[in-house]
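Here is what Swiss-Prot records for this protein:
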type     : residues                                                           : note
BINDING  : Arg16, Glu17, Leu18, Lys19, Lys112, Arg516, Cys517, Trp562, Glu606 : 5-methyltetrahydropteroyltri-L-glutamate binding site
BINDING  : Ile432, Gly433, Ser434, Glu485, Asp600                             : L-methionine binding site
BINDING  : Ile432, Gly433, Ser434, Glu485, Asp600                             : L-homocysteine binding site
BINDING  : His642, Cys644, Glu666, Cys727                                     : Zn(2+) binding site
ACT_SITE : His695                                                             : active site, proton donor
Amino acid sequence: MTTLHILGFPRVGAKRELKFAQERYWRKELAEQDLLDLAKALREKNWLHQAQADADFVTVGDFTFYDHILDLQVATGAIPARFGFDSQTLSLDQYFQLARGNKEQFAIEMTKWFDTNYHYLVPEFQKNTTFKANSTHYVNQIREAKAAGHQVKPVIVGPLTFLWLGKEKGEAFNRFDLLKQLVPIYFEILTALAAEGVEWIQIDEPALALDLPQEWLAAYQDVYAQLAKVNAKLLLATYFGSVAEHAALLKALPVDGLHLDLVRAPEQLSAFEDYPKVLSAGVIDGRNIWRANLNRVLDVLEPLKAKFNQRLWIAPSCSLLHTPYDLAVETQLQQNNPELYRWLAFTLQKVAELQVLKQALNAGRSAVAEQLNDSQTAADARANSNVIHKAEIAQRLANLPANADKRQSPFAERIKLQNKWLNLPLLPTTNIGSFPQTLEIRHARAAFKKGELSLADYEAAMKKEIEFVVRKQEELDLDVLVHGEAERNDMVEYFGELLDGFAFTKFGWVQSYGSRCVKPPVIYGDVTRPEPMTVRWSQYAQSLTDKVMKGMLTGPVTILQWSFVRNDIPRSTVCKQIGVALSDEVLDLEKAGIKVIQIDEPAIREGLPLKRADWDAYLQWAGEAFRLSYMGVKDDTQIHTHMCYSEFNDILPAIAGLDADVITIETSRSDMELLTAFADFKYPNDIGPGVYDIHSPRVPTAGEIEHLLRKALKVIPKERLWVNPDCGLKTRGWKETIEQLQVMVEVTKKLRAELAE
């Protein structure tokens, strides 16, 4: 018989129940016991869904109140010493303080979990870190599930991945040196799990899909030789990429089974066909929302079944944490877009797909002929749908002129033409894009969406806000203005709603971090722009002022990265389609007299593949898609872009290759350190380094901004330096926004006068 198991389940509930309960708890509106009871009910529901789908085990230990890597920091005693908490007796309040900070300590840093849109809390390791086992989190969930009558498989992230994902703090050392102390702690935790009578323990080592240094790889043999002494079978789970290059190492590890991601890396299967133990085949996509073609999946699984027999397990490619909970609640989508609805599968539907596969493998395809037929019909309909495939778009992409993604003239010539008409002072000041979104603005948008506010009233509300934003910027004497983006709820959703080829769910939420969930748009078909999206707002804003108004768009790579993307054509093609659609908007803005246009790309770096060898290909198509988004603009139109991340050094040639006339970046928190990289690289175009951190309501002093600007002037020629905040101001309040910008403008004017002498 084939074994079915799940690597992990979403934690937040079908309708984000956990999120709302957490937030009420933080506001002191919910008692701790009520939060614990709700969490227990969610776990029981998750286990029941797995059991009802004929899973041979329910997975435990995957549920968390905030983050599974934070749970592991508690379980190994590796919580940051700076908090002064004891990991053995940590209260729920203290747990949340680690994640969210308190009056004395800032929160543990957060970063992306591999190349997903989930964020984990980064372990802080010090030379003198001492570990201490605390298996309570896992043991309690095992007992709870067993009490409900389930067969249980706990999951824990492995020691090498855990250590790799952390950062060294304090005195310089190599965190790898902590491994020999960490492994006995893991052994202690696993022993406690085995003592609960579990047959299998799943240990996740996704770091194996990265370019790990040789000493880390070499350590796997010794680490797992020690852990294998535990009185339970170990399933080593890899995901997010191929581990074929480590096949010899993995086959030699003294574990009892291996999980492979055959969705992300189907080609790796050939390297493991002679694997002598349990092989868990990750065949249902744990990261996207499309139904699988089950006949095709069986074409892969049936030969494996013949070879492995009882040793074949089936599973999703990775944890289902990255997919929404249940498609069945999307009644609106089913009504408005029944065709698309039939092509989708959320977590519960993916579990049901695995159940069908298990039945087919155990009793033959005829036992599930109806389900397989339904799956095939949906796959065929999707392959041939004219809702998805539009000949004119394929034609447009195919017929792009040879240098479509190149400006007419080099930057040195363009900037002269731009400066001539812009006539800006030295160190021009501007904003990144958004201004504070008041409750009134949010209410007006929501009421308009629900049909409770007429179009005329909605437009009047937006225009009133735009005028307010323009007047405030004039009073502050900023040089290049923005319209403030009052009409936008989200920088990707706004454009997705106005582009063809996108759809939206109502409950398609996935966890980003803690209680924060995101609802990515669904890119299901060829992308076009039926009509202008931003032109009237920018044009209206420009009509209110003699100053220069900047148009604001989200770039193609960010739209791609923050969406669920169709899987029937390459991501690179989807990205180019978005770029070409945006170029129509850019040219319309230019025609409307908006000749400074910002195309935001905060997610270019996030899209980098896990392995360095794949970077160039990605950066090439991402760069091309970005340049296509402004194809055809005149030399005197100034293209800006904005990016916010802390690491540029390794991708600077690609950033320069975007050929934006001005790039604004987030630099205030790193004390302008980033700029040195731009200077060393001799970055050729204009730069606007952020001079204050918008993530804090704190108003910077004139001295702080002056210090940052003087540092910037040391490495960037004054003629090429812009002055701006780190990021958009959407989440700030008006009071601090005005005060922050006032300081920024005053300091700039002071330095301007000094430089003019």
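Backbone N, Cα and C atoms are what each Cβ position is placed from, and that goes for glycine too.
The model shown is predicted, which means the values in this text are computed figures rather than measured ones.
Ranking the binding-site residues Leu18, Ile432, Cys644 by how many other Cβ atoms lie within 10 angstroms of each Cβ puts Cys644 at the bottom.
Ranked by how many other Cβ atoms sit within 10 Å of their Cβ, the binding-site residues Glu485, Asp600, Glu606, Glu666 place Glu606 at the bottom. Candidates Arg16, Leu18, Lys112, Cys517, Glu606, Glu666 (binding-site residues) were compared with Asp600 (L-methionine binding site); none lies inside 10 Å Cα-Cα. The recorded positions in question are His642, His695, and the one with the fewest Cβ neighbours inside 10 Å is His695.
Counting only the Cα atoms, the space from His695 (active site, proton donor) to Cys517 (5-methyltetrahydropteroyltri-L-glutamate binding site) is about 19 angstrom. Comparing Glu666 (Zn(2+) binding site) with Lys112 (5-methyltetrahydropteroyltri-L-glutamate binding site), their Cα atoms are 17 Å apart once rounded. If you measure from the Cα atom of Glu606 (5-methyltetrahydropteroyltri-L-glutamate binding site) to that of Cys727 (Zn(2+) binding site), you get 17 Å. The 10 Å shell around the Cβ of Gly433 (L-methionine binding site) contains 26 further Cβ atoms across the protein chains shown. Rounded to the nearest whole angstrom, the C-alpha distance between Gly433 (L-methionine binding site) and Cys517 (5-methyltetrahydropteroyltri-L-glutamate binding site) is 23. Cys517 (5-methyltetrahydropteroyltri-L-glutamate binding site) sits 24 Å from Ile432 (L-methionine binding site), taking the C-alpha atoms as the reference points. Counting only same-chain residues at least 6 apart in sequence, those with a Cβ under 8 Å from the Cβ of Arg16 (5-methyltetrahydropteroyltri-L-glutamate binding site) are Trp509, Cys517. Of Leu18, Lys112, Ile432, Glu485, all annotated as binding-site residues, the residue with the shortest Cα distance to Cys644 (Zn(2+) binding site) is Ile432. In this structure, Glu606 (5-methyltetrahydropteroyltri-L-glutamate binding site) is part of a helix by DSSP. In the three-state DSSP classification, Cys727 (Zn(2+) binding site) falls within coil.
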